[in-house]
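So the structure is just underneath, and the comments pick up after that.
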Amino acid sequence: MREDLPPVGGFVLAGGKSSRMGSDKALLELAGKPLVLHATTKLLRVCAEVNVLGGDTALGRFAPLVRDLHPGCGPLGGIEAALRSSKCDWNLVLPVDVPFLPTFLLDNWLWSVLHNSAGEVRLSMLAVDGAPQPALLIIHREIASYLTAFLERGEFKLLPALRSACDEIAAKRNVKSERVFVEMQWDDPSAPTVTGDGETWRTPTEAQCKNSVRWFANLNTPQEFADAERHVDALDT
């Protein structure tokens, strides 16, 4: 574990079936690099340790592989495995198919959660145009046991499980749920800006700003991937 970075575990969520893409999108190359490498590169900039969540042994070339403890349960199973395996209290989960999401945004978001949040917070999720992004989150490993309970009951929907886990924690602490589960708009003006240490990824480029509509766009189909190839100047990896 790197000691020069926040004590946060980074996990690339890469275990999906990629049925709409027709092949494992985690290994598809964009600008000469597999999507999984774009994702691990971002996380290595902001997290003390980085792992890949998935079952394909080929993914282990990019970071240590963490397999689901409850296979076939979708992203909920991957996130549970992440929390069970993590050495860190706080963990950042990043979907493999959002290569245009800037690292500076992840960095600022982590900074906000780790330094500005009240002690009750156990999960932070971004919302884009009012729509929650449940596969992209900062989550405390205290939530692991609650996710395990959902999986063992055969309940695999991610967002309801996360909300319910936070509701239970809030009830035990006699605090409001919104103090445990924090939903933030990605362009929240209160989010701090981290500046200047010579790292170019800390400042958005002109191309990134022009393509901000792509920051949270998932690449699910060959058509979406082909479109992404026309905008590789907006990548920061």
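Just so you know, glycine gets a Cβ as well, placed from its N, Cα and C.
Around the Cβ of Asp68 (GTP binding site), the same chain contributes Gly15, Leu53, Gly55, Gly77, Gly78, Glu80, Ala81, each under 8 angstroms and 6 or more positions distant in sequence. Annotation source TrEMBL lists GTP binding site at Leu13, Ala14, Gly15, Lys25, Asp68, Asp97.
A simple way to gauge crowding: the CB of Asp97 (GTP binding site) has 26 other CB atoms within 10 angstroms, across all the protein chains here. As annotated by TrEMBL, Mg(2+) binding site applies to Asp97.
Residues belonging to the domain 'MobA-like NTP transferase' (10-160) score a mean pLDDT of 94 in the model. Residues or ranges marked as domain 'MobA-like NTP transferase' in TrEMBL: 10-160.
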Comparing local Cβ density (other Cβ atoms within 10 Å) for the binding-site residues Leu13, Ala14 points to Ala14
If you draw a 10 Å sphere around the Cβ of Lys25 (GTP binding site), how many other Cβ atoms fall inside it, taking every protein chain shown into account? 25
So the record assigns Leu13, Ala14, Gly15, Lys25, Asp68, Asp97 to GTP. If I measure every Cα pair among those residues, what is the longest distance in angstrom, as a whole number? 19
